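Here the structure is laid out as structure tokens; the discussion comes afterwards.
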Amino acid sequence: MMNASTKFSDNYDVKEELGKGAFSVVRRCVHKTTGLEFAAKIINTKKLSARDFQKLEREARICRKLQHPNIVRLHDSIQEESFHYLVFDLVTGGELFEDIVAREFYSEADASHCIQQILESIAYCHSNGIVHRDLKPENLLLASKAKGAAVKLADFGLAIEVNDSEAWHGFAGTPGYLSPEVLKKDPYSKPVDIWACGVILYILLVGYPPFWDEDQHRLYAQIKAGAYDYPSPEWDTVTPEAKSLIDSMLTVNPKKRITADQALKVPWICNRERVASAIHRQDTVDCLKKFNARRKLKAAISAVKMVTRMSGVLRTSDSTGSVASNGSTTHDASQVAGTSSQPTSPAAEVYPNVLLFNPQKFPRNCVHPFTTHPYYSPKESSKKKLFFTLLFEVCPHTSRSHILLRDNTKNIYHPYHCFTNKMSNYERAAPSSHGSSTTKKIANAIADLVIRRSSPSIRRKTEADVHNSNRNRKVSAPANLQHALVPVIDVVVATGALASSSVDNLSASTSSDLGRNLLNKKEQGPPSTIKESSESSQTIDDNDSEKGGGQLKHENTVVRADGATGIVSSSNSSTASKSSSTNLSAQKQDIVRVTQTLLDAISCKDFETYTRLCDTSMTCFEPEALGNLIEGIEFHRFYFDGNRKNQVHTTMLNPNVHIIGEDAACVAYVKLTQFLDRNGEAHTRQSQESRVWSKKQGRWVCVHVHRSTQPSTNTTVSEF
């Protein structure tokens, strides 16, 4: 798109927010000249590291190359001083999987049409040297709400550029959709996308994935072995041609795996009217509803964790925690979030800051409790402490669910029925008359948010109930309350969807219990029982590297952990153990990340970053020192000051981290250095390296390095 000005605000009018991430926000925008609507991804580049910024540039570069009817198109990319604007197609149809469950009719032939469009987009990407690497339901959208709208492939944040002579190393993708070669840390290329297509096609046909386990190690073992099957009765009605296509996509050996172009020529796809079954698959739709609900629940929980970590909305007015009327404890927000206490704003003193996941014990019919952080109400009593519990409750007699909101004095507010057509006497509990006006106002605001964040059908049904009850619904939530509560209300809505889909005893079962129930699918339940790893929605992008022929270039990568987790255990000892394990894992990840940053600085000849990450008295044993122990970093300045023009790419393979106490760590790894010599010839060099890190003044610095390899010559590159 050609614009007279390179300034975003000169070309576009910004409208409402469509979505939000840690460092970006997506807003609807209108082009001032044409009046066309787009979706603008606005990235705050001040918050990005150098590695993140290179990832952003790579994504924009790839998206500019791709113009296909089944790919969300990038129309404009504008870089300003503090923000980068990516202007995409405005895709209004929502997720493909959500649309399927709303259809009145869905057959194997429909699944064939869906996967055909996905394969068309992948074939186009591969023909242009692009590997997506993150194919999953969340990235499959519909162009509009119209019937028969095109499927659009989105999110090229993990995509890479390759050619037929290149292969990549690096752990990137989403666990449930990762290919065996990625998990085995073998070189990989375009076939990884076909494997993910096979997983998606399997889900499209029966509503659950081929590989599942609550334990991620066992999940990975299943994938590496290609251990999946076609259980009865749901697979009995699927044609052999569909199963054959899945088998060709889920072939463990990537060299024998079918390509996108070959898959498009399979009769089940190109002649679906003759080959694919046209029988309605109600069991698949029912199962897919539950699959979607679990995905949304995990995504919402991840959003809550992201809010508590990144947004800074958690504020506390009570550092010691408070005891609720039922005897349970609501912990201090800074303790729950793992952050320091923040001063409260005037608005935060009147309204609850954020809903926190709380594993308190509630009645058996409670699906999930979410409790607001305590706050003081200055208008009524400086000593009066209030907080709410927002939960879904399932009637034991009717199995119907509804939203229930109660405060710490056991007053009940707005038990709006959201998932059935009628409200039973059990569900029509009237609000207590003892609640204060401030409390009722907040209850109204929270209930408003729940209604607006629910699906349109739920919203209409709920608003009708409100109208019939002659309740006053003019109170709306203030902006700061909406910003803080929306992610958690999404969790509650997703939880309610699970309850309405008859996922029994979710509150009473631990994640492992649920996993065992799902694994015993054939014996215990109908084909609508879902199966999915608790980690399958977590996206990973770790230590990418390019290997092979062609021009070598320095590529930075970033570890992205969305942190989706299962249900929190109420056992203190279990929670402490999990917390300790999580902290240790996070520390190890930090060491790997800072080591990769140091290697990147060496490759880029960035002496400023190098000195920031190394202690001034760092010692080293390395071939360049001819066996001598060198102290200080000045010895290495020569390699930065030299006028080296070689293009260098460094990869850290198989890092092994040992945490030593609280302030020290050691990492050992194999370093692969790829470069072009002065004649343009490619070389690869391998060495074994270990680094000792020490935490000083809250940051990690390298205090010792030991490397084993042959000394550098004029045809190679120093690897210090």
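Glycine too: its Cβ is placed from the backbone N, Cα and C atoms.
In sequence order, Asp155, Gly157, Leu158, Ala159, Ala172, Gly173, Thr174, Tyr177, Thr539 constitute the residues six or more apart from Asp134 (active site, proton acceptor) in its chain with CB-CB distances below 8 Å. Per Swiss-Prot, the feature active site, proton acceptor maps to Asp134.
Here Swiss-Prot flags Leu18, Gly19, Lys20, Gly21, Ala22, Phe23, Ser24, Val25, Val26, Lys41 as ATP binding site. Take the CB of Leu18 (ATP binding site) and look out to 10 A: across all protein chains shown you find 16 other CB atoms.
Positions annotated as compositional bias 'Polar residues' by Swiss-Prot: 504-514 (among others).
Annotated compositional bias 'Polar residues' per Swiss-Prot: 526-540 (among others), in sequence order.
When averaged over the domain 'Protein kinase' (12-269), pLDDT in the model lands at 91. Among the features that Swiss-Prot reports, domain 'Protein kinase' is placed at 12-269, with the record citing sequence analysis.
Swiss-Prot lists 317-345 (among others) with the feature region 'Disordered'.
What Swiss-Prot records for 504-586 (among others) is region 'Disordered'.
All protein chains included, Val26 (ATP binding site) registers 16 other Cβ atoms within 10 Å of its own Cβ.
Secondary structure at Asp134 (active site, proton acceptor), taken from DSSP and collapsed to helix, strand or coil, is coil. There are 18 other Cβ atoms within 10 Å of the Cβ belonging to Lys20 (ATP binding site). Non-local contacts of Ser24 (ATP binding site) by the CB criterion (under 8 A, 6+ apart in sequence, same chain) comprise Lys41, Ile42, Ile43, Asn44. The DSSP secondary structure for Leu18 (ATP binding site) is strand.
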